[in-house]
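Per Swiss-Prot, the features are as follows:
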- S65: active site, phosphoserine intermediate (ACT_SITE)
- D15, S65, D439, H440: Mn(2+) 2 binding site (BINDING)
- H126, R156, D157, R188, R194, R258, P259, D260, R261, K331: substrate binding site (BINDING)
- D398, H402, H457: Mn(2+) 1 binding site (BINDING)
Amino acid sequence: MTKAPVAPVVLVILDGWGYCEEKRGNAIVAAKTPIVDSLWAAYPHTLIRTSGKAVGLPEGQMGNSEVGHLNIGAGRVVPQELVRISDAVEDGSIALNPALVKICQEVRSRNSKLHLVGLCSEGGVHSHITHLFGLLDLAKNQQIPEVCIHAITDGRDTAPTDGVRAITMLQNYIDRTGIGRIVTLSGRYYAMDRDHRWDRVKRAYDVMTQDGVGDNRTAVEILQASYAEGVKDEFVNPIRIAPGAIEPGDGVIFFNFRPDRSRQLTQALVSPTFNGFERQQITPLSFVTFTQYDSDLPVAVAFEPQNLSNILGEVIANHGLNQFRTAETEKYAHVTYFFNGGLEEPFAGEDRELVSSPMVATYDHAPAMSAVAVTDVAIAAIQKGTYSLVVINYANPDMVGHTGQIDATITAIETVDRCLGRLLESVIKAGGTTIITADHGNAEYMLDDGGNPWTAHTTNPVPFILVEGEKVKIPGYGTNVELRSDGKLSDIAPTILEILQLPQPPEMTGRSLLKTADYELQRTRTPVQVGL
C-alpha cells in the first residue's frame with residue numbers, strides 16, 4: 001500500500017530580513033513585497049528577538065547567522081563562544097587553558113615565533129579584539145620571545161573604516177605591554193573566504209608565509225592610504241608590514257571563534273592533503289584554533305565545542321521522520337552544521353542539497369544570487385511528499401545587504417519575495433505549514449545616523465509568520481490563532497514540534513510561540529486565499 005504524502009512543516013529563513021519602521025535606509029520597506037505583505041495581513045504573525053541575551057550573547061550584541069541558526073535548531077538559548085571566551089579573558093582563566101599553555105611552552109622550548117592570526121574587530125561576530133589582548137598578556141606571562149600578529153580587517157560586521165580604530169587600539173596595547181608586532185595586514189575578503197575562492201585565500205596565505213622586506217609604513221598609514229583609494233577594511237589588499245613569516249617550528253593561534261570563515265585559511269596552513277592552490281606545507285607547525293573549525297583538522301582546540309542533545313533535527317530523526325535542508329553556498333553551513341548544533345554529519349533521514357552561489361566579486365553584482373535555484377530544489381523536495389520538515393535559507397537580504405548597496409538590496413528583497421510566492425504554492429498543494437522568519441536583521445538598516453552606509457547586522461527583531469495552506473483551526477478557538485509577542489529564536493523549534501504533534505524534550509527549553517497549548521492540525525479547514 002502506498003503511503004500518503006507527508007504534509008510538511010517548511011521553515012523559511014530569510015537571512016538578514018529584520019523589522020524596522022524607519023523608512024530611511026530601509027531596503028525592505030523600499031522594496032515591493034506583495035507576497036510577504038499579503039501574508040503579514042492574512043496570517044498569524046509576531047516579532048521575535050535575535051540579539052543579545054535572547055540568543056546567548058552579551059546584552060546589546062547584534063546577532064548573526066551562526067548564532068541564529070544554532071538557537072533555532074537547538075530550541076534553547078545557547079551560550080555563545082563570544083561570552084565563553086570573553087569570560088575566560090576577564091577572569092584570567094585563559095592563562096590556564098591547556099591548549100594555549102602547551103603551544104606557548106613548545107614555542108619557548110624551540111626559541112621560535114608565536115603567530116596570532118585573526119580578525120581585529122570589535123564586531124563580536126567572528127572574533128573580538130579583547131581576545132587578542134588576552135593572548136598578548138598570555139604570551140608575555142609565558143615569556144615568548146617573538147610574537148607576530150597577522151591582522152585581518154573587518155568592515156563587514158563593523159563600519160567600513162573602523163579598521164583604523166581597531167588597529168590603533170591594538171598598537172596602543174602593544175606599546176603599553178611591550179609585546180608583539182603587527183607583521184601583516186589583510187582584508188577579510190581574502191583571509192576569511194568561505195566559498196572556495198582559493199585565489200583570494202592564497203593572497204593572504206602568501207603574505208603570512210613568505211618573508212621579505214616589509215612596507216615602511218605603519219598599519220594605520222597603510223589603511224588610510226587604502227581608504228584614499230576607495231578600498232575599505234573588508235577588501236584591504238594583503239600586505240607584509242614587517243618581517244615575521246610563519247615558518248617550520250613556529251606556533252600559530254587562530255583566535256577567530258566562528259568556524260565557517262576560518263576553516264579555509266587553516267586548511268591551507270595545516271592540512272597535509274590540501275589542494276586548493278600550490279603551496280609547500282609548513283612542518284612542523286604547532287597550531288591552536290580557538291574553537292573547533294573542523295574535526296578533521298590536525299590542530300589543538302582551546303575551547304572545545306559544547307554538546308547539545310535533543311536538538312530539532314535529532315528529535316525529528318528519533319521519531320523516524322525525514323527532513324530536508326537546502327541553501328546556497330554562502331548559507332549552506334548554517335542550515336546544516338550550525339542548525340545541527342555544530343555536528344558535521346546529517347541525522348538519519350536528513351537529506352541535504354547545496355546550491356552553488358554565483359561567482360562574483362560582491363553580490364551587489366548579482367543580487368538575485370541563487371534564490372531561484374534554491375526555490376526549485378525546495379519545491380522538488382516538497383513534491384516528493386516524504387519530508388516532515390523542510391528547512392530553506394534565502395541568503396540574499398544578508399549577503400547583498402552587506403555590500404551597502406541599497407538599490408541592489410532592494411532587488412534582492414524583491415527576488416526573494418517572488419520566490420516565496422512559488423514556494424508557498426507548493427506547500428499549499430502539499431497541505432503543509434510554512435513558517436517564515438529570519439535569523440537576524442541587516443537589510444532593514446543600511447544607513448547610519450550620519451547617512452553613511454551601514455554594512456553590519458542589527459539588533460532589530462525579525463518577523464515570524466505562520467502560514468497554513470488552509471486556515472489554522474484550534475479546538476475551541478476556531479481560526480483565531482494568536483502568537484506570543486515575547487518570543488525569540490529558540491522558540492521556533494518547540495513551535496515546529498507542536499505543529500508536528502511531537503513531544504518537546506526537556507533539554508529544549510524554548511516555548512512554543514502558539515498561545516494555546518492544544519494546537520492540533522485538522523483535516524478539514526477553510527481555505528484562505530492569499531495573493532500568490
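Glycine residues also receive a Cβ, built from the backbone N, Cα and C atoms like all the rest.
Sequence features, as recorded in Swiss-Prot, placed on the structure.
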| residue | record | DSSP (3 states) |
| --- | --- | --- |
| S65 | active site, phosphoserine intermediate | helix |
| H126 | substrate binding site | coil |
| D157 | substrate binding site | coil |
| R194 | substrate binding site | coil |
| P259 | substrate binding site | coil |
| H402 | Mn(2+) 1 binding site | coil |
| D439 | Mn(2+) 2 binding site | coil |
| H457 | Mn(2+) 1 binding site | coil |
If you measure between the CA atoms of H126 (substrate binding site) and S65 (active site, phosphoserine intermediate) and round to the nearest Å, you get 11
Beyond D15, S65, D439, H440, what residues of that chain have CB atoms within 8 A of the centre of the Mn(2+) 2 site's CB atoms? I13, G16, T50, G63, N64, G68, H69, K331, H334, D398, A438, N442, H457
List of residues, in chain order, with Cβ under 8 A from that of H457 (Mn(2+) 1 binding site) and at least 6 apart: G16, M62, G63, N64, V125, D157, D398, H440, G441, N442
Out of R194, P259, R261, H402, give those binding-site residues positioned within 10 angstroms of S65 (active site, phosphoserine intermediate), comparing C-alpha atoms, in sequence order. none
Of R194, P259, H402, which is closest to D15 (Mn(2+) 2 binding site) if I measure between C-alpha atoms? They're all binding-site residues. H402
Cβ neighbours within the same chain of H402 (Mn(2+) 1 binding site) - under 8 Å, at least six residues apart: G16, R156, Y363, N442, T455
Neighbourhood of R261 (substrate binding site), C-beta criterion under 8 angstroms, separation at least six: H126, R188, M192, D193, R194
For P259 (substrate binding site), which residues in the same chain are close in space, meaning a Cβ under 8 Å from its Cβ, but six or more apart along the sequence? T291, Q292, Y293, D294, Y337
List every residue in the same chain as D439 (Mn(2+) 2 binding site), at least 6 positions away in sequence, whose Cβ is under 8 Å from its Cβ. I13, D15, G16, T50, G63, N64, S65, V67, G68, H69, I72, H334, V462, L489
Least buried of the binding-site residues D15, D157, D398, going by other Cβ atoms within 10 Å? D157
